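Asks: Just passing along the structure, written as structure tokens.
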Amino acid sequence: MGLHTLRLATVPLTFTTSRLFLNPSPTLAFFSRHVQPRKPSFLLRAFSNSTAVQDTPLTQTSSDSSAARTQWKAAIDFKWIRDNKEAVEINIKNRNSNADLEAVLQLYENMVTLQKEVEGIREERNNVAKKMKGKLEPSERERLVEEGKNLKESLVTLEEDLMKLQDELQHVARSIPNMTHPDVPVGGEDSSAIRNEVGSPREFSFPIKDHLQLGKDLDLMDFDSAAEVSGSKFFYLKNEAVLLEMALLNWTLSEVMNKGFTPLTTPEIVRSSIVEKCGFQPRGDNTQVYSIDGTDQCLIGTAEIPVGGIHMDSILLESALPLKYIAFSHCFRTEAGAAGAAAKGLYRVHQFSKAEMFVLCRPEDSESFHNELIQIEEDLFTSLGLHFKTLDMATADLGAPAYRKFDIEAWMPGLGRFGEISSASNCTDYQSRRLGIRFRPSEPLQTGSKKGKANLPSTKFVHTLNATACAVPRMMVCLLENYQQEDGSVVVPETLRPFMGGIEVIKPKLR
């Protein structure tokens, strides 16, 4: 269940024109930094500065300073965007994006023009410098000195203008969404297609309760005290509900680790720039991200963000791919605008525990890993005996980074509807182009013509994918409501019992 934000990306999969950000021009590519070896041996990483976390209050929104808004650059292929304007324009419309393509193209043309002017003045300055190396009359030398001085001053001004223009171009272009898989349905959420459906709704022979009533009757949760302590949409878990949370997480981790995923716990405070590079808007008007006032840091809304940052500014060896992680974290979301019966109880809260899968792989493998992630999700939810459907989400519901996204919605009888419990997104190289995560293909080294030096193969951007393995609150909604009994108790799914000390039934407490 990813945060709903605007992101920017490309893909070279089955869609032959999907090269939106491939082969960036030297001017707009990531600035190279001196790379040093880092353990493990398959990873090269650029040095970066770090600062301590300050003890400061949280705020949900913050103004965007134009002076500081562009401090990093994504490797966006603006030439490709220009050359494929019609396809990009249709994609923006289909995804209901507010991206301003005309502004991007105009800024790009202005930048190209200014670059040529800068290069021309540099060439003139070099020519003046060459002339001054020879024997000259004093008057001629004085004239050349003055000309060189004027050219230098002009160059400084133009280079400053060029940098500002590049920053503005980057800022405006960040709202352009990824290209879309050709099989994705076009339209809003109602146009999403059912890929798979598992099980059927349980039939009850007695009046059923929702998870809020069950939680109250079984003394499992306390929203009222949490509202006094922290505010609305916070909660305390109590008694067997605490054990159920731990059981869900431990069972999920063990199941996914058996699929070859490396377990992680992550930082839950990250820099705003990392949030942006992963495609979220930490300081927008309708942000879902809690920012820490007075700093450049935020609370994470998903482990996808800190996991994506692990390999930032790195060059991986192809032999190290794929990298597959299962990350546990607490997640924090403002849930701005969320209200009503559909968001009540545990379904939509400000803080929750989640286990998130994250994959870094070669571009040609990302579609296969997308299918693998969906299969893992479906296997997990089938093992818990849930009735659910997997949806191929339509273009307007994708969010900007996703080339394709599948949501899983489970039946929640107490709420009387299906509710989203998971999503799996293929973000292709959208995040890696912002985070600077590349790999070096394992091609045979070729001997260069000069002095027999070996040439390393060119690096490529990895593809990244993410998928929810277990979002605890919504899983608890499903389990409490689907496994309730007529006497008010709740049966613990057999799969989870070894992780709950053998507890088979959550029973009403003796008064």
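Even glycines carry a Cβ here, placed using N, Cα and C.
What you are looking at is a predicted structure, and each value in this text was computed from that prediction instead of being measured.
For 104-175, the entry in TrEMBL reads coiled coil. According to TrEMBL, the feature domain 'Aminoacyl-transfer RNA synthetases class-II family profile' maps to 259-493. Residues annotated as L-serine binding site in TrEMBL: Thr302, Arg333, Glu356, Asn466. According to TrEMBL, the ATP binding site annotation covers Arg333, Thr334, Glu335, Val349, His350, Gln351, Phe352, Glu420, Ile421, Ser422, Ser423. Summarising the annotation, TrEMBL assigns site 'Important for serine binding' to Thr468.
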Asks: Grab the pLDDT values for the domain 'Aminoacyl-transfer RNA synthetases class-II family profile' (259-493) and give me their mean, rounded.
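Replies: Average per-residue pLDDT within the domain 'Aminoacyl-transfer RNA synthetases class-II family profile' (259-493): 92.
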Asks: I'm trying to understand the geometry here, so how far is the Cα atom of His350 (ATP binding site) from the Cα atom of Arg333 (L-serine binding site), in Å to the nearest whole number?
Replies: 5
Asks: So among Glu335, Phe352, Ile421, Ser423, all listed as binding-site residues, which is physically nearest to Asn466 (L-serine binding site)? Use the C-alpha atoms.
Replies: Ser423
Asks: Using Cα-Cα distances with a 10 Å cut-off, which of the recorded positions Thr302, Arg333, Thr468 are near Ser423 (ATP binding site)?
Replies: Thr468
Asks: Which has the fewest other CB atoms in a 10 Å radius around its CB: Thr302, Ser423, Asn466, Thr468, the listed recorded positions?
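Replies: The recorded positions Thr302, Ser423, Asn466, Thr468 were compared, and Ser423 has the fewest Cβ atoms within 10 Å.
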Asks: Return the maximum Cα to Cα distance in Å (whole number) over the record's L-serine-binding residues: Thr302, Arg333, Glu356, Asn466.
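Replies: Taking every pair of listed residues, the largest Cα separation comes to 18 Å.
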Asks: Which whole-number value in Å describes the distance between the Cα atoms of Thr302 (L-serine binding site) and Phe352 (ATP binding site)?
Replies: 10
Asks: Any same-chain residues 6+ apart from Glu335 (ATP binding site) with CB under 8 Å of its CB? Would you list them in sequence order, or say none?
Replies: Lys233, Gln288, Ala343, Arg348, Val349, His350
Asks: Report the nearest neighbour of Ile421 (ATP binding site) in space among the recorded positions Arg333, Glu356, Thr468, comparing Cα positions.
Replies: Thr468
Asks: Do any of Arg333, Phe352, Glu356 (binding-site residues) have a CA within 10 A of Thr468 (site 'Important for serine binding'), and if so which?
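Replies: Within 10 Å Cα-Cα: Glu356.
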